[in-house]
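Colleague: Would you mind keeping the following structure in view while I ask a few things?
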Amino acid sequence: MEKWDGNEGTSAFHVPEWMIQFADQKQEFNKRPTKIGRRSLSRSISQSSTDSYSSAASYTDSSDDETSPRDKQQKNSKGSSDFCVKNIKQAEFGRREIEIAEQEMPALMALRKRAQGEKPLAGAKIVGCTHITAQTAVLMETLGALGAQCRWAACNIYSTLNEVAAALAESGFPVFAWKGESEDDFWWCIDRCVNVEGWQPNMILDDGGDLTHWIYKKYPNMFKKIKGIVEESVTGVHRLYQLSKAGKLCVPAMNVNDSVTKQKFDNLYCCRESILDGLKRTTDMMFGGKQVVVCGYGEVGKGCCAALKAMGSIVYVTEIDPICALQACMDGFRLVKLNEVIRQVDIVITCTGNKNVVTREHLDRMKNSCIVCNMGHSNTEIDVASLRTPELTWERVRSQVDHVIWPDGKRIVLLAEGRLLNLSCSTVPTFVLSITATTQALALIELYNAPEGRYKQDVYLLPKKMDEYVASLHLPTFDAHLTELTDEQAKYLGLNKNGPFKPNYYRY
C-alpha cells in the first residue's frame, strides 16, 4: 500500500471550509438558549404545572379520554363496580402481562401451588398499598389463592399499570388506582380500600407507610382487629420504628425491607438494572463519559453506581455514614459533598430515604440540561416544590419528563417530578420482584398465623429460616445445586443441616 505523505499536495487531506467553520463555532452548542428562543417554545408555569398529573398515561393506553376514573361508572363482566381504574376494557391486555410475569416468578408460583390446599390465609382480610404492576398482581392473586380477601391501592401516583389494574378489577379484586393520580386521588383511593361497609381489614401490606399512616389518622379503632403490618420500604420501616420508639405502635409489624432477600436482591440487583432502563427510556442518553453524582451508598446506591460505572460514567458519591462512605471509596468511587460537584455533573440521582437532599440552591447551580431524578421511595429527596415559582417555566417534554427553565434560559431535566424513577418511568426485573413478593407473602402468613404472644407491639425482622427458604425457591431457575452438610460438618459448625446457616448478626 502506498504510504501517505502529508507533504504532497495531491495526497494530503484537504480540510473543507464547513469543518473549519464548525471548529470555530462548536462552543455554541454548549451555550444556553436565549430568552427569545425559549419563550417561543415554552409554556407558562400556570399551564404546564397542571400537566404533571393529567398528561400521565399508561403506555398501552392510547385513549384521549381525560375523564377522571372517579367520575366514570364502570362494571366488570360479573356486574361488580367495587373498583376504580382507568379503563376496565383494558383487562385483556393486563391479563397477558400478568401471565408473562408468572413465568418469571417461580417462587411465588411454587408457594401458590404448595400452600393453596392448606389455605394458610383463610379468613385474612388484607388491605394493601403497593405499586400496582403485573408482578404485584401475581402476589395479589397468590394471596387470594391462599384464602385471603384483598383490597388494594397504589403507593405511587405514577407506577400503576392501568391495564393490570383493569385485569385485577375484572378478576374481582377491589382495586383503586390509575396512573397519573392527583394527590387528592391518591388519598381517596386509599380511603376507598379502608372505609367500606361490612368489611374491615385484619392485615396491612404497605409500601411507604402511607396506608398505615392513613388508618392511624382516620380510623385508629381499626387496629383493634388488625393482627399485623408488613412493610417493605426504607421510608415505611423508618416510620414504623418511630411509632415503636414513641410507644404508638399498637400491632406487631414485620420489617421486610431489611430481610436479606429483599435488601440484597431488590434494593441492589434490581436497581442495578432498572436505573439504566429508567434513564434511557426517558432521556435516550448515552452514559459513557457522563459525570454522575449518586446521593447515598446504601444497597440502592450501590446498585446504581455499579451500573453507571460499568457503562463508562464518571461516578461521584455523597454519603453521611462513614462505613458506607468507606465502601464507596474501596469500590473506586470518589466521595464528595454535593456542593463540590453540583456545577459540573450531568446527572444527579438521589437514593437516601431522606428529605431535601437536593435543595433549590443546588438546582440553581446545576449546569444547563442536567438530569435530576430520584431512586428513593418518596418524593421528599428533591425539593420539587421550590421549583413551582412564577419565575420558572415548566415544559412537558414527554410523559414523566419535564424541562424546568430559568429566566436566563438554563434548563434542567426533571424526571417523574422527583418520584421513584424506575417504577414511574419504566419497569423493574420481574425475577427480583418474585423474591420480594414471596418474602411479603411469607411475612403475612407468619404474622396472621402466629399464636398470641409470639409477637409484641414492635417491629420484627423476617426469621432467618424464611429468608433462606425464599432464596432456595429461586435456585432451580438457574439449575443450581446446593451442597449439603454432612452430619460431621454440621456438628463441627454447630448448625442444623437444614439451616439456618448464618446467625442473625451476620452481614451478607
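Just so it is clear, glycine is given a Cβ too, placed from its N, Cα and C backbone atoms.
Quick caveat, the model's predicted, so the values are computed rather than measured.
The region 'Disordered' annotation in TrEMBL covers 29-81. Under the heading compositional bias 'Basic residues', TrEMBL lists 32-41. The substrate binding site feature in TrEMBL is assigned to Thr133, Asp207, Glu232, Lys262, Asp266. Per TrEMBL, the feature domain 'S-adenosyl-L-homocysteine hydrolase NAD binding' maps to 267-428. Annotated NAD(+) binding site per TrEMBL: Gly298, Glu299, Val300, Gly301, Lys302, Gly303, Glu319, Asn422, in sequence order.
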Colleague: Would you mind listing, in sequence order, the residues at least six apart from Glu232 (substrate binding site) in the same chain with a Cβ closer than 8 Å to its Cβ?
Modeller: Thr130, Asp206, Asp207, Val256, Asn257, Lys262, Thr436, Thr439, Gln440
Colleague: Please work out the mean pLDDT for the residues of the domain 'S-adenosyl-L-homocysteine hydrolase NAD binding' (267-428).
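Modeller: On average, pLDDT over the domain 'S-adenosyl-L-homocysteine hydrolase NAD binding' (267-428) sits at 95.
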Colleague: Taking the residues the record says bind NAD(+) (Gly298, Glu299, Val300, Gly301, Lys302, Gly303, Glu319, Asn422), how far apart in Å are the two Cα atoms that sit farthest from each other?
Modeller: 22
Colleague: With substrate as the bound species and Thr133, Asp207, Glu232, Lys262, Asp266 as its recorded binding residues, calculate the greatest Cα-Cα distance and give it in Å as a whole number.
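Modeller: Largest Cα to Cα distance for the substrate-binding set is 18 Å.
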Colleague: List the residues of the same chain that sit at least 6 positions away from Thr133 (substrate binding site) in sequence and have their Cβ under 8 Å from its Cβ, in sequence order, or write 'none'.
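Modeller: Ala101, Ser159, Thr160, Leu161, Val164, Leu423, Thr427, Val428, Leu433 - these are the non-local Cβ neighbours of Thr133 (substrate binding site), listed in sequence order.
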Colleague: Starting from each candidate's C-beta and looking 10 angstroms out, tell me which of the binding-site residues Gly298, Gly303 has the most other C-beta atoms.
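Modeller: When each Cβ's neighbours within 10 Å are tallied, Gly303 tops the list.
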Colleague: Restricting to the same chain and to sequence separations of six or more, state which residues have a Cβ under 8 Å from that of Val300 (NAD(+) binding site).
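Modeller: Result: Asn267, Leu268, Cys271, Cys351, Met375, Gly376.
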Colleague: Report, in whole Å, the straight Cα-to-Cα distance of Glu319 (NAD(+) binding site) from Asp266 (substrate binding site).
Modeller: 21
Colleague: Within 10 Å of the Cβ of Lys262 (substrate binding site), how many other Cβ atoms can you find? Include all protein chains, please.
Modeller: 27
Colleague: So for Glu299 (NAD(+) binding site), how many other CB atoms are inside 10 Å of its CB?
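Modeller: The answer is 24.
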Colleague: Which of the listed binding-site residues (Asp207, Asp266, Glu319) has the least company, meaning the fewest other Cβ atoms within 10 Å of its Cβ?
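Modeller: Glu319, out of the binding-site residues Asp207, Asp266, Glu319, has the fewest neighbouring Cβ atoms within 10 Å.
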Colleague: Which Cβ among the binding-site residues (Gly301, Lys302) has the fewest C-beta neighbours inside 10 Å?
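Modeller: Comparing Cβ neighbours within 10 Å for the binding-site residues Gly301, Lys302, Lys302 has the fewest.
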Colleague: By a simple count, how many Cβ atoms lie within 10 Å of the Cβ of Asn422 (NAD(+) binding site), its own Cβ left out?
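Modeller: So the number of other Cβ atoms within 10 Å of Asn422 (NAD(+) binding site) is 26.
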